[in-house]
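Worksheet: one structure, shown below.
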Amino acid sequence: MPNKISSSSYQVKSPIAITIFGHLLFIAITTLVLVWLLHFREGLAFSSSNKPKIFNIHPLLMVIGFVLMAGEAIMAYTTTPTSRKNHKLFHMILHLIALLTGIIGVIAVFKFHNETGIPHMYTFHSWIGLSTIILFGLQWILSFLTFLYPAARSSTRSRVAPWHALIGITIFFMAIVAAETGLVQKFIFLGLTRNQEGLIVNFIGLLILLFGISVGVTVLV
């Protein structure tokens, strides 16, 4: 019979190394997104006669503000050497930043669609994206009431904690799927091929995938 594999075999021996790798990916993805939107696309504006500038707010905030910030919030427990209470506070603040930027990102794309006459919510990307934002918001509210609200019972926190972690990482990977499908959709709509811009968009997608994996690995610690 094959030897039984102990659960410790799956433990990550150096979570700090994985976290540092995740932070480096954060920097790389942010750089590539800014190069893409500012150099290859029309730039950024929330109000402009050049409508693609309005759209560009969407990938900027959804990738850097929502996906990357949410990942940093999850990794906060292995990033900052501080107390458990401060970890929770830092975790919730980063998630709140992610939620607010995500909401603004959604508003930007709805504004772009309204001003250009494009129908709303007709692709899988839009379905999974809006669902993720809604679930993310509900998760944040419930987490605040459970873990930060002073009147919450410790027994309730203990029961909810495993479900909080499971649902949280599930929503995070939904955000990864939304980002990847959005990049593929934009790649097709722009008719990109093996040119410089196409390579940048593909590398953004690849690095987002690696970022998602690195965040997932830190949860196993």
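Placement of Cβ uses the backbone N, Cα and C atoms for every residue, glycine included.
Annotated domain 'Cytochrome b561' per TrEMBL: 21-220, in sequence order.
Marked as transmembrane segment by TrEMBL: 12-37 (among others).
Under the heading transmembrane segment, TrEMBL lists 57-77 (among others). Packing against the transmembrane segment (57-77) from elsewhere in the chain are residues 19, 22-23, 26, 29-30, 33-34, 37, 44-46, 87, 90-92, 94-95, 97-102, 104-106, 108-109, 112, 129, 133, 136, 168-169, 172, 175-176, 178-179, 182-183, 186, 204, 208, 211-212, 214-215, 218-219: each is 6 or more residues past its ends and has a CB under 8 Å from a CB in it.
Annotation source TrEMBL lists transmembrane segment at 89-112 (among others).
For the transmembrane segment (124-148), the residues of the chain that approach it from at least six positions outside its boundaries are 62, 66, 70, 88-89, 92, 95-96, 98-99, 102-103, 106, 156-157, 160, 164, 167-168, 171, 174-175, 177-178, 181-182, 185, judged by C-beta separation under 8 angstroms. The feature transmembrane segment is assigned by TrEMBL to 124-148 (among others).
Same-chain neighbours of the transmembrane segment (160-179): 62-63, 66-67, 70-71, 74, 125, 128-129, 131-132, 135-136, 139, 143, 146-147, 205, 208-209, 211-212, 215-216, 219, counting only residues six or more beyond its ends whose CB sits under 8 Å from a CB of the stretch. For 160-179 (among others), the entry in TrEMBL reads transmembrane segment.
For 199-220 (among others), the entry in TrEMBL reads transmembrane segment.
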